[in-house]
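Q: Right, I'll just put the structure down here and ask away after.
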Amino acid sequence: MPKKNLSGDGTAAPIDAWWWLSHKGTTTSFLCISLFALLIRSAVSMFPYSGAGTPPKFGDFEAQRHWMEITTNLPATDWYRNGTQNDLTYWGLDYPPLTAYQSYIHGILLRFFNPESVSLFSSRGHESYIGKLLMRWTVLSSDALIFFPSALFFVLVYHRNRAKSQVAWHIAMILLNPCLILIDHGHFQYNCISLGLTVGAIAAVLCGSEVLTCVLFTLALSHKQMSAYFAPAFFSHLLGKCLRRKNPILSLLKLGIAVIVTFVIVWWPYLHSVDDFLMVLSRLAPFERGIYEDYVANFWCTTSILIKWKKLFTTPSLKSISLAATVLASLPSMVHQIFSPSNEGFLYGLLNSSMAFYLFSFQVHEKSILMPFLAATLLALKIPDHFNHLTYYALFSMFPLLCRDNLLLPYLTLHLLFTLIYHSQLPKTKASSFSFTSFPGYVFLLRTHFFISLVLHVVYLTIQPPQKYPFLFEALIMILCFSFFVMFAFYINYTQWNFSSRFRSADKEKKQI
Amino acid sequence: MDGDRRHLLLWFFAAATAVKLLLIPSYRSTDFEVHRNWLAITHSLPLSEWYFDETSQWTLDYPPFFAYFERFLSFFARLLDPKIVDLHKGLDYSADSVVYFQRITVIFSDLSLLLGVYRLTRKVETLKRNLICVLVVWSPGLLMVDHVHFQYNGFLLGWLLLSVSFLQDGRDLIGGFLFAVVLCFKHLFAVAAPVYFVYLLRHYCWAGLATGLRRLVALGSVVVAVFAAAFGPFIYNGQIQQVISRMFPFGRGLCHAYWAPNFWVFYIILDKGLAFTLRKLGFDVQVPSASFTGGLVGDSSPFAVLPQITPLTTFVMVLLAITPCLIKAWKKPQPGLVGRWIAYAYTCGFLFGWHVHEKASLHFTIPLAIEYPIKVLLLLLHSMVMWLGFTALYSDEKALKEKEGGESKSKFEIGCIEKGYLIGLVLVEIVSQFLHPYFLGDRYAFMPLMLISTYCAVGIMYSWIWQLLKILT
C-alpha cells in the first residue's frame with residue numbers, strides 16, 4: 001500500500017516517495033540500486049586514472065600494475081624483499097599479504113588476456129587501452145563481489161527491526177558513496193575490498209556473531225593496514241561485550257583464537273622466520289616518509305603552518321607523539337564502549353576512532369578520509385545533516401588530488417548525483433537535546449564556511465598561485481576542511497557519550513518497572 | 001500538486017543528466033564527425049552551398065530545419081573554439097572542446113523531450129505519470145544512441161511527443177503544425193504522415209461543408225507555410241532537386257551493414273536457405289555479386305533466388321501494414337487513440353522500411369569495452385525499474401479497487417512465452433558475445449550478427465502483431 005499521508009487540505013505529503021522501489025522487499029530494492037551503482041562505477045571508469053601519461057613514476061595505477069607483475073613472476077617469499085628483480089624503490093609492495101594475493105589473482109587474469117602488461121621489467125610504465133580496461137574490470141568485479149554483498153548483509157541486519165520506509169535511501173547512500181567511487185574507479189585503488197570486509201565485520205557485530213567479526217576484520221587488516229583506524233572501536237566493543245558475559249576469559253579466548261588462526265593462514269608465507277615477518281612489517285609502516293606528506297586535512301599538517309613539527313622533533317619522537325595523540329583522541333569512545341557496549345554506540349565508536357586516527361595518525365593520506373566516511377554512511381540515518389556536510393568536505397579535501405587526475409567532471413557529477421539522491425527523501429531526525437544549531441551564529445558560521453569553499457573551488461581552477469607560495473590554495477582548502485573535521489569529531493564524540501546516558505537512564509527505568 | 005509533479009520530473013531529468021555527463025568521454029561513432037562537419041558547413045558556407053559541399057564525405061542529408069539548428073549551434077561553437085567550425089582544419093577534430101561542446105548540446109536539447117513527456121502526461125495520475133517519465137527520460141536506447149553513439153533523437157522525439165500531446169488534447173491545428181516542423185527536421189518521421197493525414201482529415205476537417213473547407217484551408221496553409229520556411233530558400237535558388245537527392249539516397253542497399261532486426265531479415269534468410277537447398281539439389285544458382293553479410297551498402301541485387309526488393313516495394317509494404325490503422329482512423333477518429341496509431345505506424349516503418357539503421361545494436365569492435373557493461377547495466381536497470389513500477393502500479397490499483405469493493409483480476413505478470421523469450425535473449429547475447437569468439441574465433445563472423453538480428457526480429461514481429469491486435473479490437 002502506498003504510504004500517502006493525506007492531511008486536512010487534501011495534499012499528499014511526500015513521506016515515502018520511493019515506496020514503489022522498496023515494496024517488493026529490501027533485497028529487490030538493493031538489487032535495483034546496485035545495478036544503478038554499478039552503472040555509475042562503469043561510467044566513471046572511462047575517465048583517466050592516477051598518473052596517466054606521466055613518466056617516470058606515474059601513479060597508483062602503475063603501482064597496482066607493478067604489484068601484479070611482481071606477484072605473478074616471483075615466489076611469495078620474494079614479494080617484500082629487495083632484490084635485483086624486485087626493486088622496492090619503484091613502487092614496492094606496502095600493503096599486507098592479502099593485497100599481494102589479490103594482485104596475484106588479478107595478475108593472472110591480466111596475463112591471460114594481455115601478457116605484455118605484466119611481464120617482468122618490460123611492462124614498467126605500460127599503458128594501453130586493453131590494459132586499462134582489464135584493470136578497471138578487476139576493480140569493478142572486486143567491488144561487486146565483496147563490497148556489495150557486505151553492504152546487503154549490513155542493510156538487512158541494520159533494518160531488521162526498523163520501519164522500511166528509509167531502507168532504499170540508506171542503501172543509495174552506502175552504494176553511491178561518491179568518495180569511494182572516485183578513488184576506486186577513478187584514481188584507481190582497491191579500497192572496496194578492505195572496506196567491504198570491514199562492513200561485513202560490522203554487520204556481524206550487529207548480528208551478534210563475534211567470531212565472524214574477528215575473522216572478517218582480521219582479513220580487512222591483512223588487506224590494508226589502514227583498516228586499523230577502526231580497530232579501537234572493534235576492540236573496545238568486543239571487550240565490553242565479553243566482560244558482561246558469565247565467563248569473560250573464555251569469550252576473549254575464543255575471539256583471540258579466531259584472530260590468530262585467520263592471521264596465521266593469511267600470513268603463512270611470512271611466518272617462517274622473524275626476519276621475514278619484520279621485513280613485511282617494515283614495508284607496512286614507512287616511518288621514514290615523515291609524519292605527513294602533501295596537504296592532508298589532519299592535525300599535524302594543518303598546524304605545521306604555525307608549528308614546524310618536522311623541524312622541532314625527530315621522526316622517532318614524532319612517532320611517539322602522534323601515537324599518544326591518537327590514543328588520547330580515541331580514548332573517550334573506547335572507554336564508553338567498554339563500559340556500556342551497544343550496537344548503536346558501536347557505530348558511533350567506529351566513526352570516532354576513525355576520525356581520531358585520521359586527525360592524529362602518522363603518514364595519513366587524503367584518501368584516508370574514506371574510513372571515517374564509510375562509518376558515517378552507515379550512520380547516515382541518525383546524523384543526516386552532518387552527514388551531508390561531511391560528504392561535501394570529504395570530497396573537497398580530495399579536490400586537489402582529483403584535479404591532478406583530471407577527474408573534475410566525475411567529481412562535479414557525482415556531487416550533483418549525491419545531492420539529488422540525498423534530497424529525494426530526507427529522513428526525519430528526532431530533535432536532540434543538544435544541537436549545534438542552537439548555538440548563536442552557528443548557521444551564519446556554516447554558511448560562510450560553505451561560501452568560502454565554493455570560492456576556493458573556482459579560485460583553485462582558474463587562478464595561478466603566487467610564486468612564493470605555490471601550494472597556497474591547497475593549504476587554504478586543507479585549513480577549511482580541517483576546521484570542519486574537528487568540529488565534526490567533537491560533535492560525534494559528544495553524541496556517543498550522550499547516547500550512553502540516555503541508554504543508561506532508559507535501562508534504569510526498565511529495572512525499576 | 002503541480003509544483004510537486006514538476007519537482008519530480010526535474011529530479012529524474014537531473015539524475016539522467018548526471019549519467020549523461022559521465023558518458024561524455026565514451027566511444028563516439030562517425031556520427032559525431034558528421035554533426036561537427038554540419039556545424040562547419042552551415043557556419044562557413046553560404047546557404048546556397050550547404051547541400052552541394054563535398055569537402056568531407058559526411059554530406060548534409062537532413063532537411064533544412066536541422067541545418068538551421070546546426071547553424072544556430074555553430075554560433076556558440078565558434079565562440080568556444082573556432083577550429084570546430086573550420087571546414088578544412090576542423091576535419092576529424094577530436095579535442096576536448098568539441099567533444100564537450102557537442103555532448104552538452106545533446107544534453108541541453110533533451111529538454112525538449114522533457115517538455116514533450118511533461119505535456120503528454122499532464123492528465124495522467126501520479127504514479128503512472130512518474131513511471132512513464134522515468135521510462136522515457138531514462139530510456140536506455142536513447143542514452144546509448146544519443147549520448148554514446150551521438151545523435152539528436154531526444155530533441156526530435158520531444159517535438160513529436162509535443163505534437164501527439166496536442167492531438168490528444170483535441171487541438172489538431174497545432175498538432176499538425178508541430179508534425180510538419182518535425183518533418184522538416186528529419187524526414188524519417190514521415191512514416192506516420194498517412195496516419196496524421198487521415199486522422200486530421202477525418203477529425204478536424206470533416207465538420208460540414210463550410211467549416212470543414214475553412215479548416216482544410218487553414219491546415220493546408222499552415223503546413224505549406226512550414227515547408228516554405230524550410231525549403232523556400234532552396235526553391236528560390238533552384239536547388240530543390242539536389243536537396244531531395246541528398247535527403248533520399250536510394251543508392252544505398254536494402255539493409256545496412258549490420259542487419260536491422262526487421263522483416264527483411266526473414267526474407268534474406270529465406271533467400272539464402274532456398275539458394276543453399278537448390279544448389280544441393282543440383283540447380284545452378286548464381287552467387288550474387290553483392291552480399292548482405294559483407295557489410296557493403298550497394299545497389300546491385302544481392303538476392304540469389306527470390307525477387308529483388310526495390311524501394312517502391314518497401315514503400316507499398318509499409319503502406320499496406322499501416323492500412324488497418326488508417327481504416328480505424330477514418331472510421332472513428334479518437335484523440336485518445338491517436339498516440340497508439342502513430343506508434344504503430346513507426347513500428348511498421350521500421351519493420352518494412354528501406355535501409356533501416358539498426359543503431360540499437362551498437363556493436364563495439366573491442367571485446368568487453370567498458371561501454372559494454374554500461375549498455376547491459378542500462379538495459380537491466382531499465383527492465384528492473386519497469387517491472388518494479390508496473391507491479392507497484394498494479395498493486396496500487398488492486399488496492400484501490402478492493403477499497404471500492406470491486407473485484408480486481410489485474411495482476412502484472414509476464415507470461416511463459418514472454419519469459420522464455422527474454423531468457424533466450426540473454427542466451428543469444430552470451431553465445432554471440434562470448435562463446436562464439438572464444439570457440440570459433442573469426443570464422444563465420446556473420447553468424448552472431450545473424451543470430452542477434454533474427455532473434456530480435458522475432459521479438460519485434462511479436463510486438464508488431466500485438467500492436468495490430470490492440471488496434472483492431
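Cβ coordinates are placed from backbone N, Cα and C, and glycine is handled just like the others.
Predicted automatically and left uncurated, TrEMBL annotations should be read as such.
Feature annotation from TrEMBL assigns transmembrane segment to B:7-27, B:100-120, B:127-144, B:150-167, B:174-197, B:217-238, B:250-270, B:309-330, B:337-356, B:376-394, B:420-439, B:445-465.
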Q: Any contact between the transmembrane segment (B:127-144) and the transmembrane segment (B:309-330), i.e. 3 or more CB pairs below 8 Å with pairs at least 6 residues apart?
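A: Judged by the Cβ rule, the two regions do not touch, with the required three close pairs absent.
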Q: What residues in the same chain, six or more past the boundaries of the transmembrane segment (B:100-120), come closer than 8 Å to it by Cβ-Cβ distance?
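A: The answer is 6, 9, 13, 16-17, 20-21, 23-24, 32, 35-36, 73, 76-77, 80-81, 84, 132-133, 136-137, 142, 146-147, 150-152, 154-155, 157-162, 164-166, 168, 339.
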Q: Could you give the residue numbers and ranges of same-chain residues that sit at least 6 residues beyond the transmembrane segment (B:174-197) on either side and whose C-beta is under 8 angstroms from one of its C-beta atoms?
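A: Here the qualifying positions are 62-66, 69, 156, 159-160, 162-164, 166-167, 204, 219, 222-223, 226-227, 229-231, 247-248, 318-319, 322, 325-326, 329, 338, 341-342, 345-346, 348-349, 353.
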Q: Within the same chain, where does the transmembrane segment (B:150-167) have neighbours whose Cβ lies under 8 angstroms from its own Cβ atoms, ignoring anything closer than 6 residues to its ends? I mean 6 or more beyond.
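A: Beyond its ends, the transmembrane segment (B:150-167) has Cβ neighbours at 28-29, 31-32, 35, 66, 102-103, 106, 109-117, 119-120, 122, 142, 174-176, 178-179, 181-182, 185-186, 189, 199, 335, 338-339, 342, 359.
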Q: Would you say the transmembrane segment (B:217-238) and the transmembrane segment (B:337-356) are touching, if the rule is that at least three C-beta pairs must lie under 8 angstroms and be 6 or more residues apart?
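A: No, since the transmembrane segment (B:337-356) and the transmembrane segment (B:217-238) share fewer than 3 Cβ pairs closer than 8 Å, they do not count as touching.
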